[in-house]
Amino acid sequence: MPNTKPRIVITMGDPTGVGPEIIAATLADPEVRKHCRFLVLGDRAAMARGIAVAGAALKVERTDALNWEESKEGVLPLWEISSLTDTDMQYGRPTVASGDAMYRAICEAARLCLEGNADAMATAPISKEALNRAGHHYPGHTELLAELAGAERVVMMLAGSRMRVTLVTIHEALADVPRLVTFERVLETIRITHRDVHRYFRRNPRIAVLALNPHCGEGGMFGDEEARIIAPAVEAARQEGIDALGPLSADTLFHFAIQGGYDAVVCMYHDQGLIPLKLLHFDDGVNVTLGLPIIRTSVDHGTAYDLAGTGRASADSMKAAILMAADMARVKGSGDGKP
Ligand SMILES: NC(=O)c1ccc[n+]([C@@H]2O[C@H](COP(=O)([O-])OP(=O)(O)OC[C@H]3O[C@@H](n4cnc5c(N)ncnc54)[C@H](O)[C@@H]3O)[C@@H](O)[C@H]2O)c1
Ligand SMILES: N[C@H](C(=O)O)[C@H](O)COP(=O)(O)O
């Protein structure tokens, strides 16, 4: 019988942050092995240290061939991307070499997925500052993956069991947001949210679209983006058969969303959506990049330099990201959407 478990590639993230230790803790969990086969892309020394910090009963086994055997108990299979020195692995002190290593792990994982040699990728956290200091000028994974995959428009979604949020603008200065909230961007975000949530999570999703300004602009007193941009974009989406509602006031909407009223909430900027999501789901939330030709999930937290090496970082979001990637790969492989 061929092994049909999804093949998940996992990037180590910033080796000076919590990435390696949360990966190690996750891969020692038998539930993860039950649902997928996995391969870590990263650095041997960083992963060995992560195993020690997590106290995981694992040993690193280097692999050069993509044979995708059943993931073995006690083994962390590694596709070696770098050979970092101790200097490059000091907690909270990323170097050009460590920043470059985490970048190359992401590129390699994307390549394996794009070429069909892996079914999905799950990423551990990177420092965007370290990425840029290493000469790779991207605001985050999302924008880098969009370029690698040739995707014109991608959407960041963060998801937990009680709420999903997607973002019209992602890694942008707050001062730039009003200029970037355009009819076209709002409509595209609604369309991609609808298409991918329908495909992977929930058929015919009901989508709430938030206002940008307090009280939906209060008839123009506090801004007119609602009347000029958001309402027409929602109406255009509805004309396409999408069950979208809005603009809705952001201060109250989440109260209703978590009671099950909506399958996704389209938010105008990063913190508008991620504050409520992380408040509810910091432990088990997953970041999913919608609109890519490949499946990519990630943790919902950062490098947590303050915790790196202490063994106190929770691995729950990493586990949720890997299991969600496996679930999405199964849905994609079945050629059918989520019931
Ligand atoms: N997916 C990603 O790659 C990703 C996501 C978010 C932030 N980042 C990056 O991480 C860096 C640090 O960002 P930040 O300080 O805003 O956020 P952060 O998530 O790293 O830390 C915020 C707080 O949450 C705590 N925390 C984080 N992860 C935790 C875990 N697993 N268990 C328990 N507590 C945890 C930290 O100790 C800290 O107190 C930045 O460079 C940012 O860009 C990356
Ligand atoms: N905005 C995300 C968060 O706050 O969790 C995070 O920065 C991750 O971004 P990328 O997946 O693009 O690296």
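Just so it is clear, glycine is given a Cβ too, placed from its N, Cα and C backbone atoms.
Taking a C-beta cut-off of under 8 Å and a sequence gap of six or more, His141 (substrate binding site) has these contacts in its own chain: Ile106, Thr123, Ile126, Thr289, Arg296, Ser298. Summarising the annotation, TrEMBL assigns substrate binding site to His141, Thr142, Lys278, Asn287, Arg296.
Under the heading divalent metal cation binding site, TrEMBL lists His171, His215, His270. Annotation for His215 (divalent metal cation binding site): spatial neighbours Phe222, Ser249, criterion Cβ-Cβ under 8 Å with sequence separation of six or more. In the three-state DSSP scheme, His215 (divalent metal cation binding site) falls into the helix class.
His270 (divalent metal cation binding site) and Thr142 (substrate binding site) are 13 Å apart (CA-CA, integer value).
Comparing His270 (divalent metal cation binding site) with Lys278 (substrate binding site), their Cα atoms are 12 Å apart once rounded. Here His171 (divalent metal cation binding site) is positioned 14 angstrom away from Asn287 (substrate binding site), judged by their C-alpha atoms.
His171 (divalent metal cation binding site) is 16 Å away from Lys278 (substrate binding site) when you measure Cα to Cα. Of all the binding-site residues listed (Thr142, Asn287), Asn287 sits in the most crowded Cβ setting, with the most other Cβ atoms within 10 Å. Less than 6 Å separates the Cβ from ligand 2 in the case of none of the binding-site residues His215, Lys278, Arg296.
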